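Annotated features in TrEMBL:
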- 1-160: domain 'Nucleoside diphosphate kinase-like' (DOMAIN)
- Lys9, Phe80, Arg108, Thr114, Arg125, Asn135: ATP binding site (BINDING)
- His138: active site, pros-phosphohistidine intermediate (ACT_SITE)
Amino acid sequence: MEQTFIMIKPDGVQRGLVRLPKLFSLYLLFTFTYYVSDCVKLTGFLVHCDYLRFSSCLKLITVDRAFAEKHYADLSAKPFFNGLVEYIVSGPVVAMVLEGKGVVTTGRKIIGATNPLESAPGTIRGDYAVDIGRNIIHRSDAVESARKEIALWFPEGIAEWQSNLHSWIYE
C-alpha cells in the first residue's frame, strides 16, 4: 500500500489547525479511528480516495536545525533555505504517515499548491493559508520522497496493521 509523509508546520500547530475538524476531515482525521472514504464530498474535488488510514504513526515534535536541514536538503541551494529552516525549528510540528491507494497524488490535490494564492478554494492551503512562507502543511511530492521522509522522521519504523475494513474496500 502506498504511503506518504505529512507534516503540519509550526504555523498550523500554533494556529490550532490540528484541531480543526474540517482540516482533518479533509485528509487526516485526527481521532485515529476513522477513515477518509468520501473525499469528493469533503473537498469539492473530483478526487477518488477510497481509503486512507493512519499507519499508527503520528507525533508532535520540535526539531533542531540539523534535522530541519536534513529534511530540506534538496532545497539547500535555494535563497529561501535558511528562512525555511528557521521557520520549521520555530515551534512544534505534527509529523505523520498516511497510506492508501494513490495517497501521494490525492494528498497533492487535497493540500493544494505550495503557494496558497495559487491553491483552489477547498484545498487545505487554499482555505487556511495566504503566504507561501507560512503554508501550514508539508506533504511528500512523490512516492520515493515519501519513503525518504518517512525513514528520516520515523527511524524506529511504523506500526503496521490492517483494519478489518480492508477487505470491504479493496479487492
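Just so you know, glycine gets a Cβ as well, placed from its N, Cα and C.
Of all the binding-site residues listed here (Thr114, Asn135), the one with the fewest other CB atoms within 10 A of its own CB is Thr114. Per-residue pLDDT, averaged along the domain 'Nucleoside diphosphate kinase-like' (1-160), amounts to 78 for this model. Residue density at Lys9 (ATP binding site): 22 other Cβ atoms are found within 10 A of its Cβ, drawing on all protein chains shown. Every protein chain shown contributes to the tally, and the Cβ of Arg108 (ATP binding site) ends up with 17 other Cβ atoms within 10 Å.
Rounded to a whole number, the C-alpha distance linking Lys9 (ATP binding site) with the residue listed as 'active site, pros-phosphohistidine intermediate' is 7 angstrom. When the Cα atoms are compared, Arg125 (ATP binding site) and the residue listed as 'active site, pros-phosphohistidine intermediate' turn out to be 10 Å apart. Farthest C-alpha pair in the ATP-binding residues Lys9, Phe80, Arg108, Thr114, Arg125, Asn135: 22 Å apart. Packing around the residue listed as 'active site, pros-phosphohistidine intermediate' is summarised by its Cβ count: 20 other Cβ atoms lie within 10 angstroms of its Cβ, all protein chains included. Long-range neighbours of Phe80 (ATP binding site) (same chain, six or more residues apart, CB within less than 8 Å of its CB): Gly133. Under DSSP, Lys9 (ATP binding site) is assigned to coil, being neither helix nor strand in the three-state scheme.
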